[in-house]
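Enquirer: From TrEMBL, for reference:
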COMPBIAS  A:1-14  compositional bias 'Polar residues'
REGION    A:1-26  region 'Disordered'
TRANSMEM  A:117-138  transmembrane segment
TRANSMEM  A:166-187  transmembrane segment
TRANSMEM  A:217-235  transmembrane segment
TRANSMEM  A:278-301  transmembrane segment
TRANSMEM  A:313-335  transmembrane segment
TRANSMEM  A:365-389  transmembrane segment
TRANSMEM  A:401-424  transmembrane segment
TRANSMEM  A:480-499  transmembrane segment
TRANSMEM  A:505-529  transmembrane segment
TRANSMEM  A:541-565  transmembrane segment
TRANSMEM  A:571-592  transmembrane segment
DOMAIN    A:736-794  domain 'CBS'
């Protein structure tokens with residue numbers, strides 16, 4: 001293959017602009033690193049090569065066919081989308097960067113380190129404040145709603161006509177949810193859901209458009225308030241993780257692009273590497289605020305994001321987490337008139353589990369494992385149902401107004417079902433002394449001094465219901481109530497997750513699990529009545545059930561264990577919780593994937609796991625890479641660069657810079673790598689030299705120019721290059737990364753994968769034995785391979 | 001430079017054999033990857049280039065001068081020893097390995113995964129058992145000792161002649177310590193101390209000779225029992241970490257080389273990569289057993305060892321930790337006749353801190369920070385004193401018998417000082433009801449029904465003393481007692497650490513800190529008497545003081561916070577403990593390094609930190625690398641290989657395999673990398689081909705042959721190669737790693753460092769633009785650069 005071939009034989013794709021959104025405008029969606037005239041690689045194993053074939057056909061066809069394509073490709077977990085760009089965790093160590101680093105004194109580095117700590121402190125503080133705000137507003141709103149409905153119910157219980165109460169309840173819920181759904185559906189669809197899958201992707205290195213913007217944060221916060229206060233089967237915890245991440249991305253950059261305000265601080269941190277570190281801290285702070293689990297937060301960030309563990313970074317993340325819980329705690333203690341009492345962390349508070357009252361014993365461990373298996377089964381069922389529901393939604397409920405209507409419908413149905421359950425329940429319990437002022441016991445048809453037990457589960461915020469299930473004394477619920485509650489809430493929660501409202505799935509999962517766990521405990525104590533006092537506490541089983549159900553749905557491992565342990569405030573339950581989560585994961589994985597993974601796959605995100613599939617040693621870089629590669633010379637003609645960048649069918653984001661061997665058709669030797677974004681900045685500032693090598697631009701380009709443009713680089717179309725300028729040359733040597741990582745062609749896929757993942761790369765060059773570029777490996781080339789039911793499978797690629 | 005030059009111009013060094021020990025036999029000590037004819041690199045910055053100069057002189061001199069050298073170079077933290085080999089965290093993906101991986105089915109990989117879990121479970125179980133054994137034996141021995149002494153004291157208190165009791169106590173202590181010191185000094189010196197520095201080094205990737213052997217474990221276990229029962233100011237917690245690591249290294253290999261027993265299982269795991277993962281799990285299990293802190297254990301392993309975070313690995317490590325605490329718990333519960341009560345984890349048990357009784361308040365946080373600063377100062381003082389003591393010991397107390405005598409002396413002095421302090425103390429406290437059966441209250445000269453308060457601190461195992469300081473009710477100690485105790489124990493502990501006994505520094509640090517912390521609390525309550533009830537609990541301040549002191553001495557961060565939080569069983573204290581540890585670290589680092597780091601530096605271990613020094617962007621691979629490099633051809637003459645390996649002055653451990661360009665003097669193009677150990681196995685099995693390429697060896701060499709030889713490869717001298725055989729050729733292509741990682745010469749040091757550290761490499765090839773080998777980077781080339789007081793400094797290299 002000759003050089004002309006390499007620069008010209010490029011594949012189709014659409015332009016990269018991450019401000020465009022959704023599938024309605026496919027041509028505006030960013031794609032990257034697409035080079036799809038793949039070399040024939042032989043049929044070593046059973047892999048569908050449909051994508052490649054499709055793509056090669058596409059090259060000959062017109063752009064119009066590309067335009068119509070997206071509608072034909074439904075969201076599908078067997079596809080990998082090309083619309084997502086990657087974050088680059090590898091510093092671009094070009095001459096400018098090295099000069100800056102070399103100029104910096106030891107003191108300078110120390111100041112940077114201190115700024116990092118300050119930023120982490122700020123992240124923690126702001127995240128804590130947001131959590132505090134959400135908590136207080138939700139409590140207030142829900143309080144008003146429940147009091148109004150309760151008074152109405154009490155009024156109508158005697159005289160009849162409770163249907164009016166039902167309608168009141170349903171209307172209140174629907175209108176709150178409507179507001180929440182409208183802001184999400186019309187203003188910022190990315191704020192829908194818990195945001196955890198999106199943050200997982202971000203930390204994994206995928207640039208999800210608009211995910212860490214200020215507007216997203218606003219919509220998220222108000223959306224979650226509306227949906228929780230609107231009585232949906234959702235929690236306010238998941239969204240905290242997303243909120244923390246947005247706060248981090250904003251604070252660390254020292255400016256807001258949305259508000260057009262640049263504080264001229266923290267400019268050093270305006271690159272992917274640093275930003276991603278801060279976003280890790282933000283996500284951890286979010287977990288910490290949500291669950292009062294600073295260590296859990298750190299582990300969450302590490303589990304999802306860490307490619308390379310760094311002690312100081314982790315320590316800073318921990319600091320952000322600590323500050324976040326502390327802030328939340330402190331302000332809530334003021335709000336609750338117990339200023340300075342800091343011993344009650346987290347938005348969700350499981351209440352105190354004292355070791356003495358709920359000690360477990362060796363012979364209970366098999367029971368816990370059985371509960372784990374049940375949790376895994378129920379979780380898989382939940383995920384399976386939700387999967388089909390999501391497919392349905394993607395196909396039929398994709399217009400914003402339809403989405404709002406669905407959300408309102410779910411809100412109304414939730415209210416109706418709850419009301420019906422409460423109405424027909426005849427589980428009356430004596431009104432104890434331990435009801436706090438914020439509980440809303442419903443008397444309904446119970447005798448005076450008694451309350452309706454079903455109502456403690458349904459007529460309450462889910463957080464309170466969980467706490468009641470954990471701590472109410474034995475006998476507070478009868479088994480039928482719990483059974484019915486589990487059943488209805490399971491389906492409600494399943495229906496709710498994936499609605500166009502911002503809300504989390506943690507609390508509903510815990511609630512379902514706590515309900516059946518408590519039921520399990522009660523049944524146990526029936527069967528073993530009187531034999532041992534230790535069975536007496538169903539609250540312990542509620543806790544284990546909650547862990548099992550949550551584990552079965554989300555399939556997180558270490559971080560979830562620690563979060564649960566921290567939320568219970570009791571270290572002794574570590575082992576049972578761990579065993580339960582392990583069992584739930586193993587059983588669940590057998591039937592269906594975790595909920596977040598399902599949603600990530602349905603978005604066709606090129607997500608990289610920790611390791612390459614076990615049986616992928618067959619594959620080498622040669623088969624995996626995309627080739628041929630569009631390369632530039634060290635001093636390249638401006639016209640060539642503009643043409644390459646403008647060509648919508650060659651939307652590459654990284655270009656090897658090569659030294660061409662004179663009078664040779666062979667590919668050039670690698671001498672660097674330059675990114676599209678860098679070239680765009682160069683073109684914008686017209687850093688051209690004439691053929692005679694006199695510099696045309698007056699000013700020497702500095703790192704600052706690149707940082708100012710980060711992260712929203714203008715599209716190539718917005719840059720005007722005159723015909724004269726096109727004839728100039730551009731000297732890339734100062735700006736390219738002169739030492740990109742390379743691998744030989746024979747490197748096995750696991751080895752390529754390890755290098756790529758451990759260093760968080762975006763582009764990895766494949767070279768031959770004489771250091772000539774023969775291909776390029778990007779995220780999608782690696783993410784395509786995964787373990788399917790029939791061994792190694794290759795995903796297709798789609799540009800939606 | 002021509003090729004002849006490259007293979008011949010090699011530098012001096014001594015042979016690699018890790019079974020040799022100590023500084024007495026320098027020529028037998030392993031060195032590796034030494035290539036010291038460094039290219040001139042210009043004086044870019046202020047670096048002492050003494051080493052290079054020394055080494056270049058050395059080349060011309062005779063071997064005898066090398067022999068005499070070690071005695072002239074004292075242990076010094078400005079040196080980097082060449083005697084340590086590296087672990088290779090990078091799989092050797094040669095043809096044999098890839099063939100095996102490709103043969104393996106998906107089911108095979110699943111079985112491997114299951115074995116990994118089983119091994120981790122076993123590691124946890126055995127570590128827990130060992131902890132249980134140590135705990136019970138120590139309690140029994142110490143119990144007998146204290147009862148004997150107590151009876152003796154009671155007998156002589158009335159009649160006078162307490163000096164006899166003193167002698168009895170001192171003799172008992174000294175004889176126990178003597179036994180402990182003898183087994184350590186004469187049988188296995190590596191078992192001295194806590195073992196934490198050694199395990200830190202191992203997890204960092206340095207192969208410390210003999211550190212994970214069965215004999216070491218034995219000596220460690222019995223040594224720690226003797227030293228703790230012998231009343232030294234030491235704890236039994238640190239050695240648990242080492243013990244766990246040894247268990248892991250043993251179990252995971254499915255054989256014991258010492259016992260010459262091969263179970264023929266887990267053969268797949270016989271390589272550095274896998275072994276190191278298991279050792280991480282073992283260390284975590286050790287921490288977990290010692291402190292009842294499974295999460296802390298995981299974080300310890302990650303903080304010290306992780307180069308690349310892997311979710312499943314972490315999850316397995318956590319499993320081992322959990323099993324370990326669980327086992328310890330379960331067996332201790334049986335021993336304590338409370339079978340099945342599992343809520344009391346860990347060797348050290350801080351006792352319950354209830355949130356209600358010891359809540360902290362916002363305005364206490366500045367006080368905590370002040371305590372952190374005090375801890376940092378005292379810690380720095382401790383480390384500084386211990387540093388000089390260690391230097392002294394290295395110079396003058398290096399004979400085993402002297403070491404035993406010193407240990408006995410310390411034991412006797414400890415007993416005498418304790419006795420004197422108790423004797424002259426007149427702090428009598430009323431005997432409460434809360435004394436457990438295992439406490440040994442001394443009445444001495446107190447009235448009936450009272451006990452000597454100083455004795456609760458001195459006349460007890462340190463663990464119990466810590467617990468008393470945390471939990472005894474306010475007023476149990478008077479300030480003078482605490483002050484004197486802090487003072488004496490501080491110096492005793494400082495003298496004790498570094499003795500030739502196996503023992504840890506955690507508990508003495510905690511004890512010192514708890515004593516002055518409690519003192520601090522008491523003084524506070526004097527000054528603020530009556531103003532607030534919250535100051536009343538000095539136990540809280542004892543806890544904070546303990547954290548501050550421990551943090552000031554060992555300077556661990558995240559993991560220590562989590563360990564402390566888990567050991568107190570109370571999540572609420574997370575923030576204050578974290579703040580205290582942070583302050584202690586910042587203040588302490590200003591004056592002196594952490595204790596473990598000091599000892600690592602004094603051993604001149606090439607330890608790699610997380611990142612290259614901040615101001616090292618000046619340096620590039622060209623300056624850092626060692627060159628020229630000894631290379632082999634793909635098909636190499638056996639004689640050449642034998643000569644290269646045998647040459648004690650070219651003791652390289654990794655050799656690039658190159659393709660020589662015919663009729664060219666230039667260095668060859670990289671096509672692989674082969675290790676000394678692989679060549680030795682090849683020579684041993686005589687995998688030779690005659691010139692005509694007919695294979696001489698009957699059997700095809702398999703991976704199994706390499707695994708059987710791992711990790712104690714025979715020295716080259718033990719392999720006989722006849723003169724005929726020397727004329728044969730050896731085909732390396734099947735055995736070499738065909739895809740070693742390479743970097744261009746212009747790569748900056750931080751970039752090289754990141755690649756090296758993130759992937760846990762042992763050798764990194766430096767190539768020119770045409771992929772020809774120009775140098776080789778190893779651990780020592782990177783570890784040499786560090787931040788000193790005057791900016792970047794370069795350590796000298798020594799072969800001791």
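Glycine too: its Cβ is placed from the backbone N, Cα and C atoms.
The model shown is predicted, which means the values in this text are computed figures rather than measured ones.
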Enquirer: Would you say the transmembrane segment (A:541-565) and the transmembrane segment (A:166-187) are in contact under the rule of three or more C-beta pairs closer than 8 Å, pairs 6 or more apart in sequence?
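Expert: Counting Cβ pairs under 8 Å (6 or more apart in sequence), the transmembrane segment (A:166-187) does not reach the transmembrane segment (A:541-565), since there are fewer than 3.
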Enquirer: At least three Cβ pairs under 8 Å linking the transmembrane segment (A:117-138) and the transmembrane segment (A:278-301), pairs spaced 6 or more in sequence?
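Expert: Contact criterion met.
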Enquirer: Taking only the residues in the domain 'CBS' (A:736-794), give me the average pLDDT of this model.
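Expert: Taking every residue in the domain 'CBS' (A:736-794) and averaging pLDDT yields 90.
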Enquirer: Going along the chain, which residues at least six beyond the ends of the transmembrane segment (A:278-301) come within the CB cut-off of under 8 Å?
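Expert: Same-chain contacts beyond the flanks: 119-120, 123-124, 127-128, 130-131, 199, 202-203, 212, 236-238, 240-249, 251-252, 269, 313-314, 316-318, 320-325, 327-329, 344-349, 506, 556, 558-560, 562-563, 565-567.
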Enquirer: Could you tell me how many residues in the domain 'CBS' (A:736-794) are helical, how many are strand and how many are coil under DSSP?
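Expert: Across the domain 'CBS' (A:736-794), the residues distribute as 16 helix, 25 strand, 18 coil.
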Enquirer: At a C-beta cut-off of under 8 Å, are there same-chain residues at least 6 beyond the transmembrane segment (A:480-499) that contact it? List them, or none.
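Expert: Distal contacts: 181, 192-193, 232-234, 378, 382, 385-386, 389-390, 393, 403, 406-407, 410, 413-414, 417, 421, 425, 427, 453-454, 457-458, 505, 508-509, 511-512, 515-516, 518-519, 522, 595, 599.
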Enquirer: Which stretch from A:313-335, A:365-389, A:571-592 shares the most C-beta pairs under 8 Å with the transmembrane segment (A:505-529)?
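Expert: Stretch with the highest Cβ contact count: A:365-389.
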